[in-house]
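TrEMBL has this to say about the protein:
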{"type": "TRANSMEM", "residues": "47-69", "note": "transmembrane segment"}
{"type": "TRANSMEM", "residues": "75-96", "note": "transmembrane segment"}
{"type": "TRANSMEM", "residues": "117-140", "note": "transmembrane segment"}
{"type": "TRANSMEM", "residues": "146-165", "note": "transmembrane segment"}
{"type": "TRANSMEM", "residues": "172-190", "note": "transmembrane segment"}
{"type": "TRANSMEM", "residues": "202-224", "note": "transmembrane segment"}
{"type": "TRANSMEM", "residues": "244-266", "note": "transmembrane segment"}
{"type": "TRANSMEM", "residues": "286-309", "note": "transmembrane segment"}
{"type": "TRANSMEM", "residues": "314-335", "note": "transmembrane segment"}
{"type": "TRANSMEM", "residues": "341-359", "note": "transmembrane segment"}
{"type": "REGION", "residues": "374-398", "note": "region 'Disordered'"}
{"type": "COMPBIAS", "residues": "386-398", "note": "compositional bias 'Polar residues'"}
Amino acid sequence: MKGDQELQVIVQQGKELNPTVQDEINSVGNNQTGVPHSNIYKRWLRVIAYTFFVISGQSVAAILGRLYYDNGGKSKWLATVVQLVGFPVLLPYHLLSIKTHATTHTDSKAASPRNRVLVYVVLGVLVGAGCYLYSIGLLYLPVSTFSLICASQLAFNAFFSYFLNSQKLTPIILNSLLLLTISSTLLAFNNEESNFKKVTRGQYVTSFICTIGASAGYGLSLSLQQLAFSAFRKVLKRQTFSEVMDLIIYVNLVASCVSLVGLFASGEWKTLSSEMNSYKLGKVSYVMNLVWTAVIWQVFNVGGTGLIFELSSLFSNAISALGLPVVPVLAVIIFHDKMNGLKVISMILAIWGFMSYVYQHYLDDKNLKKSIGISTEESSDPSEAEGSSGQKIQTSAS
């Protein structure tokens, strides 16, 4: 009983357990009766794959976005569109997953189509607006500075998760948020000039504010995604990865429509032909840059949303923050960005903040497994006691 109470307290203080986490809990109990650890291994293999998708996807996508602007690309709305329109490449895998993984619904309830549409529309508009702000931020900021400012999305995500997902804010988490906030704030006082063109102070501040706003929107969208998964879980007995794919595809569909409306309403579509003709690396490179940017962003989306499904929105964002130091290093090598002392301090604080969060996640996971073990052992005691007393009765009867 004490173990069950401890487990209940942890769940209430933290967040609702994902179905995959619940499967791991069940498998822990079953392992004590001889069931293999296959479920746990498969789950963590998925987590590793999603982590690779997030880190590699955001690094390559940021470099391709900077490459687009450096070689003559000027359309902010086109840079937004390519972040979103690549979702059709996921349709074949989505159709295959539907055939191979069946989802069981409750007998009397079904997921409301109206609620699903509302979730997709709200998230789609939010994601589309966030991608546009990111495009403005990358236009006037060096990619190394841009990526370090993006570390603030973890702080925003923790803030929104506290209210929307009942995320517990421990002293270690608060320390992580403070470090990430200071890390981004330091870059506001960075007086560097970009190597590829002259950037005014006003343009730098505009890009800085837009990147902060985009990070806040991204943190909010991740918390809302986790909230949506929790809501869907109430009407589904078992949730599969097809739910993840549905969310990615439909949200990107709505966000793509929003960005396309912006592209045509702004009139930027009229200059795309001349932009392609004047692109420094040629027309083929122009098209290939846009195509691969669209594909890579979908790889990132699969990894990020998959981590939300497996663990939490805050963990997904933390993994995204883990890949941030990769981008400045690549930017120094490829674009010859200056890595001054302020950037180095900002990077160290960002990594420190990320490691603080990882350590808190490790402590939570350790306490959860400890409570599960206590609960399992105590739940097995009554049956053992009953069996031993039964043996005594049979002995005395004989």
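Cβ coordinates come from backbone N, Cα and C, glycine included.
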Spell out yes or no: are there three or more C-beta pairs under 8 angstroms between the transmembrane segment (47-69) and the transmembrane segment (244-266), with each pair 6 or more apart in sequence? no
Using Cβ atoms and a strict cutoff of less than 8 Å, what residues sit near the transmembrane segment (244-266) while being 6 or more residues removed from its termini? 75, 77-78, 80-81, 83-87, 90-91, 93-94, 97, 116, 119-121, 123-125, 127-129, 131-132, 225, 228-229, 298, 301-302, 305-306, 308-309
For the transmembrane segment (286-309), which recorded stretch in the set 75-96, 117-140, 146-165, 202-224, 341-359 gives the largest number of Cβ pairs separated by under 8 Å? 75-96
Within the same chain, the residues 6 or more beyond the ends of the transmembrane segment (314-335) and with Cβ under 8 Å of it are 50-51, 54-56, 58-59, 62-63, 66, 70, 142-144, 146-148, 150-151, 153-154, 157-158, 161, 165, 167, 180, 195-196, 218-219, 222, 303-305, 307-308, 343, 347, 350-351, 353-354, 357-358, 361
Does the transmembrane segment (202-224) reach the transmembrane segment (341-359) with at least 3 CB pairs under 8 A, where each pair is 6 or more residues apart? no
Tertiary contacts of the transmembrane segment (146-165) (same chain, 6+ residues out, Cβ under 8 Å): 15-16, 62, 137-138, 173, 176-177, 180-181, 183-184, 187, 207-208, 211-212, 214-216, 218-220, 222-224, 226-227, 230, 312-314, 317-318, 320-321, 324, 327-328, 331, 343, 346-347, 350, 353-354, 357
